[in-house]
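K.L.:
Pasting the relevant annotations from Swiss-Prot:
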type	residues	note
BINDING	R90, G128, T129, R130	phosphate binding site
Amino acid sequence: MPAPTPKRADGRGATELRPFSVDWDPMSFALSSLIVRTGRTAVLCSVSLEEDVPRWRRGNGCGWLSAEYRLLPGSTPQRQSRELMKLSGRTQEIQRLIGRSLRAVLDMDALGERTLLIDCDVIQADAGTRTASITGAWIALRRACDLLRSQGVLTQDPIRQQLAAVSVGLIDGTPLLDLDYSEDSRADVDLNVVTAGDGRLLELQGTAEQAPFSRSELDAMLNLAESGLQELMQGQRHALATAAGSAIS
């Protein structure tokens, strides 16, 4: 007899995403900005442009993309101290993940010698901040590139394809999609999945928190993530359709 599906605090089914939404233009001076919300998790994502590249990148006509990630002080139940002189290992890991994922779907040659700077600042953390950051940052990046093309700054579209990320967990033997904190903190397995629009994987981050997991359990979690990512990508396209200056509909 199969184990009963764990009850989720917010009433969702095992295969349901948290509510997903995007609020546009919270910042007047950024090239592109938005607040992405997945349930109670909210991340401010913004894109800025620099007409330069890192020194080691100069002279070859190619651009660059860099990402920064921070938890704002009031984003968690206990205040997060600002990371000033030294970043925590977690912060460094996450911002590298964000930058690495976005660069994988970006044509650096099409940028010319310019740098796109991505900032992801967590306003409220209820788990899934890294996946929300990636999903929201891609939307902001897509719009920024559309605006740069409309202004004549870019002559080619540097974005090769879509990108999104989601978490999956295993609780009491049952795969659950898009964990909130109450689930993430007790999951037997925590898995973050990043994929491109064509379905190919960009990154898997999986950890057995309590006990090893099987190949069949991994496959079940990946299948669940795939369905959630398709839905998130629809949400991305819908968000872009509501924003001026985007080519996606």
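Using the three backbone atoms N, Cα and C, a Cβ is placed for every residue, glycine included.
How buried are these features, and what lies next to them?
P.N.:
Around T129 (phosphate binding site), the same-chain residues at least 6 positions away in sequence with a Cβ under 8 Å from its Cβ are T41, V43, L71, I94, V122.
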K.L.:
Excluding R90, G128, T129, R130, which residues of the same chain place their Cβ within 8 Å of the centroid of the Cβ atoms of the recorded phosphate site?
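P.N.:
What remains near the Cβ centre is Y69, I94, V122, A125, A127, T131, A132, S133.
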K.L.:
Which one of these binding-site residues, R90, R130, has the sparsest Cβ neighbourhood, judged by other Cβ atoms within 10 angstroms?
P.N.:
R90
K.L.:
Using DSSP with the three-state reduction, classify R130 (phosphate binding site) as helix, strand or coil.
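P.N.:
Once the DSSP labels are grouped into three classes, R130 (phosphate binding site) ends up as helix.
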